[in-house]
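Taking it in order: structure first as structure tokens, then the write-up.
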Amino acid sequence: MSEAVRVENITAAYRKEPVLRNVSFALPQGRLIGIVGPNGAGKSTLLKAVLELIPKSSGNVEILGSSVRSQKKNIGYVPQRGNVDWDFPTNALDVVMMGRYAQIGWLKRPSKKDKALAVEALERVGMKEYADRQISQLSGGQQQRVFLARALIQDAQVYFMDEPFAGVDATTERAIIDLLKELKEKGKTVIVVHHDLQTVTEYFDWVLLLNQRLIACGPVEQTFTSELLQKTYGGRLSFIQQENLKI
Amino acid sequence: MLYELWILAISSLVAATCGIVGTFLVLRRIAMVADAISHTVLLGIVGAFLVSQTLEGPLMLIGAAVVGLATTYFIQVLDNAGVPADAAIGVVFTSLFSVGVILVSLYARDVHLDVDHVLMGDISFAPFHTIEWNGIPMGPQAFWVILAVFIIDLALILLLYKEFKITSFDPALAAALGIPVTLIHYLLMTMVSITAVASFDAVGAILVVALLIVPPATAYLLTEKLSRMIIVSALTGVAAAVTGYYTAKYFNVSIAGCIASAAGALFLIAFLFSPSQGILLRGRQRKKAAAPASS
């Protein structure tokens, strides 16, 4: 079985300032994988470079054994919630439906079937009764669930999620992680940019430690060690240790 | 009477066209790019004039489209190179516009193309500039030009509705899905360019910005659905055109100025009284919305 993601030597720059330097790794299929590192480590940039949303100055990416372009159908992406305008004139159902725009194809309108799928996806994240709600009237947690429903409707093999737990309430966080585990049970690969070191061992089975360069990538038990975290966070780890991490 | 009807028809079509296209400028937060394009297309008009020696026909639209795209492209290049986005717009817009101004003063002195006209427009003369087709009088040229652009813009938006929608709301997802975000962006800029040129005669370069931005901004406050925002934006534009015209007639002042002022007045009303976002009613609504949003 081929890897979910294989990255060779990517370097990506933002306004000529390299954010990622020579990053290489391979991620197995069917795992829940956390990307962890300090602020400015290039975690979001890594996702965007892998998905070819930003130009990379060098390197090569394969998803499920072939090019990103040829695997678009199998890739689900959940951008950071803060990147879109939540005052945009649209409702929850419409946002979810956007996940199917590529399948619907050019010049066509969403069909009854697309709508039914969107309702079903909203139901899976517990948001069915909010389908007609204007998106600005949703709480942060609800907005994140809508984004997740939009990823579900894509019915992808490999999911990339940029900080899906940022700014959500505890109930939503629980609901999201249950859903991600459910996806994993179905053999999907879920790659999550994650901020909270406390929950890493509980949530993920693989972890990728990043600080502009790749520090380590592997199963949580072997990779999420204080030594490697020290390397990832540098001097800031003393602060982390005070929060008595369950490592 | 007929004169008045033509003026109302032209200005209403201009307002509706601008309202439709402008909706996407407001949603993408690139209102000021419209300002830049509405000025730089002068260069396109002069270029088309130098080639054809007339101010007629589709060549003007093509010239405008080319310069509009160049404007967008140059802004993008400077932006990517690290120039702040607003400064990039300022630099490109004034540079291309100034070249246009010089060319007008050099070559086009004797024709109906002067900088005042381009900036301010003058719809009161538009009905006199008529065209014929096989000897049959067809009415003012300005009407047919803006009608053609209205149809082009509307058809593109209807055909590519979901592509325009997703690239405006979430370009990152759109790109991940394989939707050509950049192509759609340049298409929209082409639409803005030809709309600006077709609107010149009626309202001029400065006030076309008012019609591209103010009615959509008004509709943004009043609607919660994209299709409705487009319709409300077009209707707001038409309302501004009609009330603006009659106000101008009553006080015997500039029509373009009155249309833009009317658009501003309509925005102010929406800003104060919009049920969801108006500053007078907002507090109450937000409280209502917050209640079920706690789960």
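Just so you know, the numbers here start at 1 and follow the chain as drawn.
Note that Cβ sites are derived from N, Cα and C of the backbone, with glycine treated the same way.
Since this is a predicted model, take the numbers as computed values, not measurements.
Here is what TrEMBL records for this protein:
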type	residues	note
TRANSMEM	B:6-26	transmembrane segment
TRANSMEM	B:33-51	transmembrane segment
TRANSMEM	B:57-75	transmembrane segment
TRANSMEM	B:87-108	transmembrane segment
TRANSMEM	B:142-161	transmembrane segment
TRANSMEM	B:173-196	transmembrane segment
TRANSMEM	B:202-222	transmembrane segment
TRANSMEM	B:229-248	transmembrane segment
TRANSMEM	B:254-274	transmembrane segment
Between the stretches B:33-51, B:87-108, B:173-196, B:229-248, which wins on the count of C-beta pairs under 8 angstroms to the transmembrane segment (B:6-26)?
B:229-248
Are the transmembrane segment (B:254-274) and the transmembrane segment (B:202-222) close enough to be called in contact, which here means at least 3 C-beta pairs under 8 A that are separated by 6 or more residues?
yes
Same-chain residues at least 6 beyond the ends of the transmembrane segment (B:173-196) whose Cβ lies under 8 Å from its Cβ atoms
17-18, 21, 24-25, 28, 33-34, 37-38, 41, 44, 61, 64-65, 67-69, 71-73, 149, 152-153, 156, 160, 163-164, 166-167, 205, 208, 212
Give me the stretch from B:57-75, B:87-108, B:229-248 with the greatest number of Cβ pairs under 8 Å to the transmembrane segment (B:202-222).
B:229-248
Residue list, the transmembrane segment (B:57-75) vs rest of chain: Cβ under 8 Å, 6 or more residues beyond ends.
33, 36-37, 40-41, 43-49, 51, 85, 88-89, 92-93, 96, 145, 149, 185-186, 189-190, 192-194, 196-198
